[in-house]
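Undergrad: Here you go, one structure.
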């Protein structure tokens with residue numbers, strides 16, 4: 001989640017910096033276009049493998065239709081390449097929208113070569129290649145098929161990137177579910193390309209078999225449909241790659257032996273890769289999510305045992321979801337293991353710029369005192385409509401609003417205004433033991449708040465009596481200014 005202030009600031013920046021011809025990378029148009037490109041890219045790569053493997057067995061009309069279909073897909077991939085030149089990108093958490101930076105980023109030579117090789121219409125060569133096939137001039141055909149296999153078999157990474165967008169937008173899948181589905185999709189894609197290669201390479205190299213009629217009859221299926229040829233090649237590839245058996249041939253020709261050995265090696269490498277990927281996904285990457293799920297299970301058990309209402313259970317679950325942002329962590333061992341210097345540096349990173357330096361009360365304090373104050377801050381999270389402080393209650397804590405929006409109300413319920421990121425309130429509680437709250441503060445959205453207790457602050461400032469006097473004067477001046485403004 002992000003606060004309204006951050007969203008408003010980002011919208012202002014976009015209005016100020018976004019040229020009319022630049023496409024925002026998170027726009028609705030871009031999301032819909034990327035979903036279309038997932039199907040375009042997948043169909044193009046799958047069609048390319050099938051067309052080059054089975055072109056000699058396809059009729060002229062079917063082959064022409066496949067060529068036309070793939071040329072349309074290549075044209076759309078070319079449009080995607082051109083559209084990328086006017087689409088912003090994300091760099092280190094920042095959305096870059098400057099046209100010059102976008103062009104420099106997109107026009108890196110390896111990116112250009114990779115994209116251009118993707119939308120070249122190779123299918124236009126099929127007519128000449130089929131003619132060469134029937135004239136026993138298969139060298140160029142064989143080299144091109146192997147080149148396309150090496151060029152396209154690893155394109156599953158590009159497909160995965162688009163698949164994640166489709167899975168989130170259309171099906172609402174979580175990141176964990178997407179990571180589990182990706183290896184399955186990758187395996188099907190690589191199996192398809194390898195099956196097509198397994199069929200066409202021996203077919204193109206029949207001249208190497210000489211008089212081995214048995215091997216030739218095995219490799220070439222006579223009087224069968226293209227569908228049968230594809231499914232048979234798929235079955236043989238799958239059986240060999242998972243080391244479930246050898247092909248149906250019993251000959252010992254070098255071509256068949258080498259093909260079988262390469263399939264065994266490739267299947268072993270791919271199986272190992274997928275296994276390691278799944279282990280890392282389930283155990284390593286999701287360790288924090290697993291602990292987070294355990295906390296949610298404990299919340300469900302607690303609410304059931306105490307017979308709490310369903311609305312309260314949902315509120316507790318949402319509180320933990322916002323607090324840990326779906327990934328559980330325990331800050332205590334982190335603080336214990338870190339050195340004092342590192343711990344204070346982290347605290348200053350969290351508190352110094354966001355709100356301590358914005359406080360009128362602490363504005364003139366030296367950095368080492370602000371570091372001590374940051375060390376005493378305690379984090380709290382409030383959901384929508386939660387009361388942060390109530391009018392008339394005893395005041396013993398100062399609050400810093402790190403992120404979020406809160407409304408300020410008088411005793412009569414009149415709204416005085418809103419507090420946004422970096423605001424602070426309740427400073428008088430640090431100096432007056434008999435102080436009471438004169439207003440109520442209610443969260444309008446999820447608010448991340450840091451508390452500073454009076455006892456901790458007084459103990460911290462005791463050795464710095466001169467600085468404490470300055471802080472008291474600043475606080476008194478602030479109270480007088482507020483009183484005048486209210487009158």
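Quick reminder: no glycine exception, Cβ is built from N, Cα and C everywhere.
Because TrEMBL annotations are produced automatically, they should be read as predictions rather than curated entries.
The shown structure was predicted, so the numbers you read here are calculated from the model rather than taken from an experiment.
Positions annotated as domain 'Cyclic nucleotide-binding' by TrEMBL: 361-478. According to TrEMBL, the transmembrane segment annotation covers 35-54, 66-86, 107-126, 138-156, 188-210, 262-283.
Locate each feature and note its surroundings.
TA: In this model, the domain 'Cyclic nucleotide-binding' (361-478) carries an average pLDDT of 85.
The list of residues near the transmembrane segment (66-86) in space but at least 6 beyond its ends in sequence, with Cβ under 8 angstroms from a Cβ of it, reads 21-23, 33, 36-37, 40-41, 43-44, 47-48, 50-51, 58, 99, 102-103, 106-107, 115-116, 118-121, 123-124, 126.
Long-range contacts of the transmembrane segment (107-126) within its own chain (CB-CB distance under 8 A, at least 6 residues past either end) are made by residues 41, 44, 47-48, 51-52, 55, 63, 66-67, 70-71, 74-75, 77-78, 80-81, 84-85, 144, 148, 151, 155, 158.
Beyond the ends of the transmembrane segment (138-156), by six or more residues, the same chain brings 41, 45, 48-49, 52-53, 117-118, 122, 125, 129, 132, 185-186, 189-190, 193-194, 197, 200-201, 204-205, 207 to within a C-beta distance below 8 angstroms of the stretch.
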